[in-house]
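First comes the structure, then the notes that go with it.
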């Protein structure tokens with residue numbers, strides 16, 4: 001593990017020596033710092049259940065209808081992929097307490113299918129001190145969600161508000 005990398009295991013547990021999110025302040029982060037989450041397996045019933053409630057398009061809710069769709073098979077909603085990515089980030093403890101999302105750009109270049117095992121990898125690409133709020137700053141992170149074949153299924157660039165370390 002490199003000095004600027006925060007690794008997490010299968011259940012999102014940090015490797016020894018990695019900081020928890022509650023230990024992160026703006027001063028602890030650096031451009032180029034990377035992280036990797038644990039995994040989540042996408043099951044057909046989970047895909048359909050999510051879609052029935054939040055994105056009820058036939059290629060997300062029904063195998064027969066999906067077979068006749070653009071995709072030709074059941075695929076997960078992009079919003080489901082985004083929700084799973086968020087869960088993985090929070091469980092990894094890299095993104096949890098103290099970070100507030102303020103902007104996001106997301107794309108889904110490849111469909112997620114039943115049986116896919118997803119994980120997320122990210123890198124900090126920019127850090128700015130806030131001019132109007134000196135107690136915090138902005139951190140821009142590029143996050144890729146990948147399947148078991150290391151194919152990118154979601155790309156996300158997000159800007160987070162992060163607190164500075166309190167003065168003593």
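A Cβ is built for glycine as well, from the same backbone N, Cα and C atoms used for every other residue.
Features of the protein shown, as given by TrEMBL:
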REGION    1-22  region 'Disordered'
COMPBIAS  1-13  compositional bias 'Basic and acidic residues'
DOMAIN    31-143  domain 'MaoC-like'
Residues of the domain 'MaoC-like' (31-143) by DSSP state, where helix covers H, G and I: 34 helix, 35 strand, 44 coil
Whole-number mean of pLDDT values that fall within the domain 'MaoC-like' (31-143): 95
